[in-house]
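Here is the structure we will look at, set down as C-alpha cells.
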Amino acid sequence: MASLLQSERVLYLVQGEKKVRAPLSQLYFCRYCSELRSLECVSHEVDSHYCPSCLENMPSAEAKLKKNRCANCFDCPGCMHTLSTRATSISTQLPDDPAKTAVKKAYYLACGFCRWTSRDVGMADKSVASGGWQEPDHPHTQRMNKLIEYYQQLAQKEKVERDRKKLARRRNYMPLAFSQHTIHVVDKYGLGTRLQRPRAGTTITALAGLSLKEGEDQKEIKIEPAQAVDEVEPLPEDYYTRPVNLTEVTTLQQRLLQPDFQPICASQLYPRHKHLLIKRSLRCRQCEHNLSKPEFNPTSIKFKIQLVAVNYIPEVRIMSIPNLRYMKESQVLLTLTNPVENLTHVTLLECEEGDPDDTNSTAKVSVPPTELVLAGKDAAAEYDELAEPQDFPDDPDVVAFRKANKVGVFIKVTPQREEGDVTVCFKLKHDFKNLAAPIRPVEEADPGAEVSWLTQHVELSLGPLLP
C-alpha cells in the first residue's frame, strides 16, 4: 500500500537537469534515452483548451481572446461551484392589450450548493437559456487597455532595436552582392519577406523581421502618467459605529477570486466566467520525443502516448516493517513487481562509500547478493488460481514468496542514528528490452543489442525508531 496511499515512502532518483526524488507513479520513462524523467525535466506543450463544464473545445487564439474563460459557463461567487441555469414562468402584459397577461419563460443562474442566485445581486432574468448575462463594468477598463497597447508597442520597438544591433555586428560577413544600399532598401521598405529564400540560415532571413515601415505607419500611443492624490476620500461617519453583519461580508477567498472588483459585501458578488482547462503534451528535452500525448477530444480520457515509469521500471514496495532499534539489525520485507511481459533480471546493490546520491541514508542496508528473476506480467494468470507457477531456483533466505510477476525479498537494515526516521538507499539494477530501438537489417542485428542494463537509485522511508 506504500505506493498507493503513501507514495512518498518509496522514492526514485531522477538524474535530469537537477536531481529530483519522486515516487515511481509520478515519473515518466523515455524509451529513447532509457532514463527516468520528472515533470521538471520535460517540455510542456499545450494541445487544446476546453471548458470543464460544457466541454467546448477552442483554439489557443480564441482562448487568449476570451482571457482563458468560457463564455457560457459561470462559477458561483459564493462557493465557487458551477452555476446552473434555472427556468421559471413569469406573467407579462401584452403590448396590444395591457389588461391581458401572457406567461413567458425566464431564465436565471442558481447555485445548487449555497442557494445563491443571480437575482440576489439584481441581475435581470433572460428570455434565452445561454448568453447575454449582464456583467459589471469596471471603471478602469479603458485605462488598462491603453496601458497594454502602449507596452506592447514599446516591446515591439525594443525587439526591432535588438535585432538591428545583431544585424550591425554581422554586416562584416555579408556577401558582396548585399551592399549597404541594398540593406538599407530591404530594411526601410520591408522587402525581406519577398527576397527571403527557402534555405534557412541566410542573411535575408535575419532581415525579414526588421521592417521599419510598419513601425512608422503605426501611430505612437501616448499615455498620461498617473497623478498622485494628496487627499483621499474620507470614510463614512458611521464606519466604526455601525453593527457588522458577518453574513453580508465577503471572505478573503471571495475577494481574491475577483481582484478587479474585490467586493466587500455579498450584494456585490457577481458570477465569474469559468476558467478553461488544457490538455498538454510532455516532451523529453534531450531527444525531443513525446512522453505523454492525450486525445484531442475533451470527452476522452485516453492517451495516444503515455510512457509512465510504472509500465517499464520494476516497482519496489514496502510490505512489512519490524520494530527498528538503534544499532540492531532488522529484517524488512520488500516486494518487487515486474511491469513488462518478458522476464526481468534484477540485482540489488548497496551504495558505494562516497556516493554523491547517497545523502539521505540514516541506516546501513544489507541486500541479497544473488540475481533475482521476475516473471513476466500476465493479466490472465493473476486471476487464475489453478495456474501452475513457474519454477525458479529461489533461496528461501532471500525470497519470501513468489506470485505471478511479484517477488517478496528480504533486506537487512541496521539504523545508525539514535533518533529520527530511518531511511535506507540502494541501487536497483535491471535489464530492459528497448522496443523503440531503430530498425536495422537482419544481418547487422545483434540479438543482445536491444537489451540494456539500467540502474535506479531507490530510497525507502521505514519510519521512526523505537526506544
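Glycine residues also receive a Cβ, built from the backbone N, Cα and C atoms like all the rest.
Annotation comment: Swiss-Prot describes Ala2 as N-acetylalanine.
According to DSSP, Lys222 (SUMO2 cross-link) sits in a coil region rather than a helix or strand. Marked as SUMO2 cross-link by Swiss-Prot on the basis of similarity to another entry: Lys222.
Swiss-Prot lists Thr414 with the feature phosphothreonine, giving similarity to another entry as the kind of evidence. Taken residue by residue with DSSP, Thr414 (phosphothreonine) is part of a strand.
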Cβ neighbours of Lys222 (SUMO2 cross-link) where a neighbour is any other Cβ within 10 Å: 7
Using Cβ atoms only, which residues of the same chain lie under 8 Å from Thr414 (phosphothreonine) while being at least 6 residues apart in sequence? Met327, Lys328, Glu329, Ser330, Ala363, Lys364, Val365, Ser366
